[in-house]
């Protein structure tokens, strides 16, 4: 029976099918883990090249240590060590035996016989020309340095160690805290130092990519009698930790904190100045912390040891986690809050999940949403259309601005101390602005301007901070740089923008820093609220400095007048005394008569009761009095007040006393009991 089905066997059908008819292989849908994504796009997290990787690793470890110490109100003590690792030592660390080259032509730095002959001939011609110039008395140039070819295999490796006295980490949480990307404790809405929440995880990923060596963590929490030690790396494709060792060790010294050690490829030569500049700026913005930085090398002349001492024990308060402002949320965030909330109805949800929505205002909002909404309706039953309606109303309704109570600025007192400690300026002025708001997020701008100081170049030296961390890259596009260079008329404040050594310090803290660029290295110039706040803060500092500069100008002019008067004082005294003696002689010879005070003065001149020396002394006192009165009148006209000065005795930090602190805008007065 013919049913329309071919009688060919499967084998024959396959054999007779042309190759062009073979079905194309279907594409397979793949999924990347977060760790794999950041490994392939490491520049997003600041790991652009080996030098930047070394810098970013140090920065991430230091900022984690500061957060850890501040979370338990402990004055931070942080030690950072970068140890240069030679090729032989690195090979021994990974269990690789050094081998001599067998086939030289395989290597990039191989120089063929022809190339060597050409190089030697060029050097010979150069020396011949220099000898001829020397014989003719012409200037002789130095021989150019021979450029060696650095092969890709000649990488530089460094062991980075960071130790602190912070909170430490729970024993069981350590593997996930370091070996699982996008898991951590900083994902609430609050002011944080981090930019991506990656912390040391990105350093571990870079270590995995460049050296293959694991990271080592030692940690102990306050009161624990053991130290948690963990050696691990990360499974990048699965985004899970790969644990080598995880054990508890004796804590005989009762130490608490964390010590992290990672070996990475880096470049100290090109990023040395950036790393040291970062440490110095961190010492400025955190004068209550003590830093010890070391760079260790096999060559002793390359070793570096710098200690940034603590200047104060006044720490800023710990930033507080806050709720979202209605004007700063999007649809995804509203849906997530609905999923995570423990509140049952819509009225409770609006009251407790957002700031600045009280019960009465929440009822008004629900009434405005439409008849399908009610205060008692279940928040979990909201449809997508209803959530969109809530979002639209949030964008259109009027809400009170969020307060800045959740923020933790460095403080005007700490900023001033930090500038004085690290720069030693001739003058310094600081200002801390009141909390302001952009796009529903509170922010505070603090500013400082210094004149003079050590290691400060002529012109504007700009120091930028965001949530109390230094920003060192992409300075030209930053709001602080543009404001300082284009929006401040320095000459109107008696400051020379090109000749004076000007330090400009601006610190911005917020629950959301509006970074620009993939690396989040600068704050944009497009948010008018931040631009206005930065400009106003800098102008306040300039106004303070102008007052001090005017006092200095006044004192300098006063000294100049004194010098000029003292220079002509002997001649003036001699002339006056000569005139008085001539008048006294006329009085004595009765050629002319004087009466009253004039006769009395001439009598004293005749009897040598008034001598040239006495006259000079009296005239000098009179000049001093007149000069002081002129200076005081000038100060009053210039609006400069000369307040009283009192001696202040500052107690050393090591002393232990009972005391009460009274906080002012620019100082802290401590009353010792």
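Glycine too: its Cβ is placed from the backbone N, Cα and C atoms.
Curation does not apply to TrEMBL; its annotations are automatic.
Some features that TrEMBL has for this protein:
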{"type": "BINDING", "residues": "64, 164, 185, 186, 194, 195, 196, 197, 198, 199, 200, 201, 520", "note": "ATP binding site"}
{"type": "DOMAIN", "residues": "402-561", "note": "domain 'DNA topoisomerase VI subunit B transducer'"}
{"type": "REGION", "residues": "1-29", "note": "region 'Disordered'"}
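Sequence-distant contacts of residue 200 (ATP binding site), defined as residues of its own chain at least six apart whose C-beta falls under 8 angstroms from its C-beta, comprise 57, 60, 61, 64, 178, 215, 260, 262. Around residue 64 (ATP binding site), taking its Cβ as the centre, 21 other Cβ atoms fall within 10 Å, counting all chains. Within 10 Å of the C-beta atom of residue 198 (ATP binding site) sit 23 other C-beta atoms, taking all shown protein chains into account.
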